[in-house]
Amino acid sequence: MTTYAPGVPPQNRNPQSIGFLLLDNFTLISLASAVEPLRMANQLSGRELYRWHTLSLDGRQVWASDGLQITPDAGTDNAPAVDCVIVCGGVGIQRSVTREHVTFLQAQARQGRRLGAVCTGSWALARAGLLDGYDCSVHWECLAAMQEAFPRVAMSTRLFSIDRNRFTSSGGTAPMDMMLHLIGREHGRELSAAISEMFIYERIRNEQDHQRVPLKHMLGTNQPKLQEIVALMEANLEEPIDLDELAVYVNVSRRQLERLFQKYLHCSPSRYYLKLRLIRARQLLKQTSMSIIEVASVCGFVSTPHFSKCYREYFGIPPRDERQGQPLGQPVVLMPIPQDLALMPNSSALSALSQAQGESTFASVRI
């Protein structure tokens with residue numbers, strides 16, 4: 001998306017051309033959330049305000065994270081001229097970004113293109129060195145890994161970040177908020193509000209909104225003291241706060257602290273704190289090349305053997321095997337296929353499930 005010269009009447013502006021670079025296993029919902037506001041902007045204005053193209057390195061089909069295939073409009077070597085490029089990431093982002101992607105993005109930056117990303121696409125821009133010194137948003141599952149891998153990038157938990165000629169968004173439907181914000185900047189709030197109404201979108205969220213489900217919903221309670229304690233725990237994983245200190249911070253006794261966790265979370269505060277640290281460790285093991293010793297240290301464990309013991313007890317697999325791919329730790333359990341369905345084409349759901357096994361949230365909800 002370009003920055004228009006002031007004073008140019010809207011009817012005299014050329015359509016903005018946007019290239020969506022699709023990485024392997026990109027999330028379809030993030031792509032749709034970015035493209036659909038552009039389509040609706042054209043429809044409601046009755047003019048071609050935006051045009052868009054999907055791109056891949058070689059112009060061949062790209063698999064989305066749900067197993068569906070998208071045939072792009074062009075490859076990067078014969079891509080039409082665009083004003084900006086938006087990288088669409090998804091599952092297994094470290095494996096999806098290649099040297100060729102980096103070279104292409106760096107070339108776009110040298111040519112003065114604006115660059116954006118949705119879901120985990122920020123990883124590609126960061127790997128190309130194109131986010132150094134910029135504010136950046138990325139899907140929360142990838143946040144810890146990016147903080148470790150790219151210390152020069154100002155990572156944020158915001159839904160989206162717009163910083164000079166870079167705009168990055170977290171996943172899910174957050175790209176829609178970012179695109180509506182950009183459309184509103186360029187064509188007025190009346191248009192962005194009308195687009196929002198067409199999509200039954202109750203509220204256009206802004207840059208001050210943060211991702212992750214609010215603690216009160218995650219914890220299943222409105223207990224404010226408990227929310228405050230958990231927020232403190234999440235913010236202090238590398239150097240865990242003593243439980244007595246936690247109680248002092250929120251002005252409760254140690255005994256009250258214990259009762260709150262038992263009543264609402266059905267575990268002790270120390271057990272819950274340990275769970276948070278182990279979940280962070282799993283993200284780093286799966287998404288970074290940090291050694292097990294380093295992971296243990298940044299997650300608040302002074303002893304690597306103790307870390308390995310706790311990890312195995314919680315996840316059922318030692319950290320070493322998790323790093324190697326854990327096919328034996330948490331296999332995908334398949335239901336028997338009925339005989340009358342055996343000859344039908346394979347569902348793309350199984351392929352998508354297989355690809356997702358490498359994600360840190362795989363099998364994280366116990367049912």
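The backbone N, Cα and C atoms fix where each Cβ goes, glycine too.
Per DSSP, the DNA-binding region (244-265) is made up of 17 helix, 0 strand, 5 coil. Marked as DNA-binding region by Swiss-Prot: 244-265 (among others).
Here Swiss-Prot flags 292-315 (among others) as DNA-binding region, drawing on sequence analysis. Panel annotation: around the DNA-binding region (292-315), residues 148, 237-240, 274-275, 277-278, 280-282, 284-285, 322-323, 329-330 of the same chain, lying at least six beyond its termini, place a Cβ under 8 Å from a Cβ of the stretch.
Taken from Swiss-Prot, the feature domain 'HTH araC/xylS-type' covers 227-325.
With DSSP states grouped into helix (H, G, I), strand (E, B) and coil, the domain 'HTH araC/xylS-type' (227-325) comes out at 70 helix, 0 strand, 29 coil. On the 0 to 100 pLDDT scale, the DNA-binding region (292-315) averages 94 in this prediction.
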